[in-house]
Amino acid sequence: MTDVKLSDVSGPYFGEYGGRYVPEALIAALDELDTEFRKAADDPEFAAELQRLHREYTGRPSALTEVQRFAAHTGEARVFLKREDLNHTGSHKINNVLGQALLVKRMGKKRLIAETGAGQHGVATATAAALMDLECVVYMGEEDTRRQALNVARMRLLGAEVVPVKIGSRTLKDAINEALRDWVANVETTHYLLGTVTGPHPFPEMVRQFHRIIGEEAREQILERTGRLPDVVAACVGGGSNALGIFNAFLDDKGVELRGFEAGGEGIESGRHAARFSGGALGVLHGARSYLLQDDDGQTLPSHSVSAGLDYPSVGPAHAWLHDLGRATYEPVTDDEAMEAFRLLCRTEGIIPAIESAHALAGAMRVGKAAAAEGRTGPDGEPLLILVNLSGRGDKDVATAARWFGLLDEGVATEELERQEGRG
Amino acid sequence: MSTVTEPATGPQTGSSTSDLIARLRAQENRPALVGYLPVGYPTVDRSVEALKTLIDHGTDVIELGVPYTDPVLDGPVIQAAAQGALDAGARVRDVFRVVRELTEYAPHVPVLVMTYWNPVLKYGADAFARDLAAAGAAGLITPDLIPDEAGDWLAASETHGLDRVFLVAPSSTPERLRLTVAASRGFVYAASLMGVTGERSQVGSRAEQLVADTRAAGAVNVCVGLGVSTGAQAAQVGRFADGVIVGSAMVRPLLSDGPLTEDEWAARLTDLAEVTEDLAAGVRSARATAPTDPSAAVTPGGATTPGEAP
């Protein structure tokens with residue numbers, strides 16, 4: 001165990017977190033998936049095919065962009081963005097989806113199911129299903145189908161069936177419940193293409209493996225650009241796939257500080273947030289043992305965030321482990337802070353980020369300002385280097401942002417926007 | 001994280017549930033009827049009345065559900081009742097109170113609590129087992145806890161002498177059947193089909209094979225659930241199973257969109273009694289000489305009538 005690098009730790013457990021808290025009916029399929037995943041990991045043909053898709057379809061490697069005008073607002077730091085927003089379908093989600101879809105082809109299954117909150121993972125899954133000729137059903141909370149009507153249309157254009165989930169809180173959590181129920185009933189023909197680093201083993205490990213390319217590319221790029229490693233790596237954390245993807249390459253670089261930013265929503269004291277490390281406790285949800293927002297009876301509490309992608313009451317078990325190890329730290333960023341960073345990046349750099357990613361930008365601003373206040377710099381007095389994972393682009397969030405900043409002329413507000421306002 | 005240890009008492013023996021199943025097998029040549037209702041639906045007090053109705057009309061073992069926000073192995077009927085119970089303010093501590101009321105009302109009826117794992121984890125596995133045992137419950141049915149993850153629960157259930165009912169499914173490999181059977185006590189819960197709880201027009205055709213495979217893996221008692229909703233289905237399953245587990249069909253008569261008056265509630269209990277009697281007749285006719293006319297079965301809920309010798 002002591003010889004295993006943090007970046008290579010495998011499931012089913014990350015410290016005391018993870019596991020397989022699912023009905024027995026799913027265990028055979030999870031075992032099959034685990035076996036296929038490990039076979040593929042050793043198969044150069046699989047790696048070559050995935051690499052080809054990354055290059056020719058997704059557009060990898062994604063760029064690394066230094067943002068000097070934005071950085072002027074973050075103390076004395078230099079800030080670099082890993083541009084996952086430039087990937088095909090607009091976020092990091094495609095990395096995992098293509099990897100799993102290739103596994104599905106190898107397993108001979110013909111049907112994909114997926115959950116989605118904001119719709120990014122659903123769109124990516126529908127995309128891979130179209131590309132690889134697979135049937136695709138996406139479960140989405142009814143609330144979210146209304147908030148993200150455009151992404152529902154995108155998925156349908158791509159040939160997927162979108163099923164609005166009308167039970168429970170009608171959001172991401174309930175979409176996952178419904179996908180699990182579908183999977184139990186159809187597991188022999190169907191793969192559940194889970195979209196983040198949570199769920200039962202092997203998902204947390206497997207999804208990390210398919211996203212580790214983010215950090216590996218970024219590490220190489222920043223070394224080439226600056227001649228050294230970053231001082232701080234910042235990412236937003238919902239389920240935690242983009243964060244783990246970029247953190248992973250730096251886990252064994254002891255000098256690199258890893259900072260995860262959760263949805264602080266309207267503030268921890270408001271109770272309306274998704275800050276599992278501030279307001280959560282040990283629990284089990286959707287197959288994994290991790291930090292969980294729950295009440296005294298172990299009932300799952302509803303989460304809240306302006307960004308649907310961070311609006312989830314639990315977090316990937318590897319993050320819980322890194323948190324307890326002290327290898328990464330996690331703190332909340334409020335809706336207000338995230339939206340301020342969102343606007344700043346738009347105005348200073350001409351990049352519209354996903355609101356999820358804006359939490360990481362706000363976190364980077366906080367880190368940079370604190371460093372300036374403390375007189376902290378990089379080695380030899382060089383500017384602090386902050387690497388931010390810009391996990392997705394903000395096209396999907398234009399309606400929310402327009403409402404937030406009051407950018408719409410009188411009378412233009414669509415019904416969808418009215419609903420979004422009514423959400424608060 | 002956990003190691004599955006062979007229970008000191010041997011698989012599935014030494015519990016009130018397995019004693020009851022053995023007695024029904026020996027004396028009445030019939031399977032047990034296991035009936036499910038959630039605590040707290042529509043209210044805690046009314047759920048106790050409904051559970052007593054199950055007992056009065058021929059249910060042999062009570063499966064008492066803990067309402068939970070994320071019941072991934074339950075279909076729409078039980079989801080609706082669980083949500084209704086939570087909306088009405090049901091708490092985990094109500095489970096202990098209801099167990100106590102039921103075991104005082106009918107000491108001969110084992111009460112197994114069915115719960116997803118997180119409420120137990122939050123309460124503390126040992127504390128939960130201690131309070132459950134003190135209330136008189138027979139044990140736990142754990143739909144999202146496999147023996148591989150159950151180290152704390154195996155220890156707590158040993159300490160407090162409780163049944164551990166784990167599930168097996170048509171997809172379970174022989175190796176997993178052996179593992180699960182070895183970890184279980186009371187009985188093994190065989191899911192009749194791949195899917196969630198709910199009423200279905202036909203019981204899964206894989207149920208009989210699964211029961212046979214589970215016995216081959218060493219199980220003494222195998223009860224079948226998921227999809228059984230009528231007396232005829234109970235009779236069909238009861239030919240090969242040691243118990244027939246019914247949930248949604250018992251919950252359905254109680255479902256309503258709003259509060260019920262006393263009279264309306266009484267009518268629901270009458271409906272529930274009818275459903276229960278039909279199922280009770282089913283298990284009592286399952287192995288009768290002439291197959292299978294449930295209407296000709298013995299009166300449910302009455303004194304035990306010795307079954308025909310096989």
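Glycine is no exception: its Cβ is also placed from the backbone N, Cα and C atoms.
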Feature region 'Disordered' in TrEMBL, mapped to one of the ranges B:3-30, B:283-310: B:283-310
Cα-Cα distance linking B:Glu63 (active site, proton acceptor) and B:Asp74 (active site, proton acceptor), given in Å to the nearest integer: 14
Distant-in-sequence Cβ neighbours of B:Glu63 (active site, proton acceptor), under 8 Å, six or more positions away: B:Val34, B:Gly35, B:Tyr36, B:Leu37, B:Leu112, B:Val113, B:Met114, B:Ile141, B:Ile245, B:Gly247
Other C-beta atoms that fall within 10 angstroms of the C-beta of B:Asp74 (active site, proton acceptor): 26
